[in-house]
Amino acid sequence: MKKLYLASGSPRRRELLTQIGIPFTAISADIDETPLANESPLAYVERLARGKAEAGRRIVTSEPPFCVLGADTAVVLDGKILGKPVDEADACAMLMMLSGKEHEVLTAIAVLDGERCESRVVRSLVRFRSISREEAAAYWASGEPRDKAGGYGIQGLGAVFVAGLNGSYSAVVGLPVCESAELLGHFGIPCWQTLNAQ
């Protein structure tokens, strides 16, 4: 059985991968996340997911066979990528832009072994209710939005802003479990392994 490495420091991605019963080792694979000139949001998230998987592969010292899973999520409003907020003003500005509107969340996953790399991009639409400036400031003060694309976490306190979701909840959190299980299956890594081991 191939060993799996998750090239991510995200605790949410670790939780989601654990949820589907796939044993893995998490590794940190930092790459430059600056968008390229004229790069579409879809191309951006796919490039970053592949880049993280490739960076992870360079870190791994295990003998083959193994696979590396990389992922990236972008919040997109009117074609513009909203990254992780740099400070309170940035986070509040993002939330005010998202307030009362529908936005797109793109999550890309990439799996590679020594021979090939396959990727998928999952698109979800999230609709926010109206948010007051006071709510945005209080949310920032909670600490939750600091490391989140678009300045919010759907799985935490930020859920109160979400009026609707069309797509994959787990993809908005950071790892689309259905597509991840399918893609890992193509590489001979089945889900529910930890259930069979008990």
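Easy rule for this one: first residue shown is 1, then count along the chain.
Any Cβ shown, glycine's included, is placed from N, Cα and C.
Around D72 (active site, proton acceptor), the same-chain residues at least 6 positions away in sequence with a Cβ under 8 Å from its Cβ are E33, Y44, V45, L48, A49, K52, T107, A108. The active site, proton acceptor annotation in Swiss-Prot covers D72.
The site 'Important for substrate specificity' feature in Swiss-Prot is assigned to R12 (among others); the stated evidence is sequence analysis. Secondary structure at R12 (site 'Important for substrate specificity'), taken from DSSP and collapsed to helix, strand or coil, is helix. Remark: R12 (site 'Important for substrate specificity') has G153, Q155, V173, G174, L175 as non-local neighbours, by Cβ distance under 8 Å and separation of at least 6 in sequence.
According to Swiss-Prot, the feature site 'Important for substrate specificity' maps to T73 (among others). T73 (site 'Important for substrate specificity') is surrounded by 26 other CB atoms, counting those within 10 A of its CB over all protein chains shown. Mapped onto three states, the DSSP output places T73 (site 'Important for substrate specificity') in strand.
Just so you know, the Cβ of Q155 (site 'Important for substrate specificity') picks up 17 other Cβ atoms within 10 Å once every protein chain is counted. In the three-state DSSP assignment, the secondary structure recorded for Q155 (site 'Important for substrate specificity') is coil. Annotation source Swiss-Prot lists site 'Important for substrate specificity' at Q155 (among others), citing sequence analysis.
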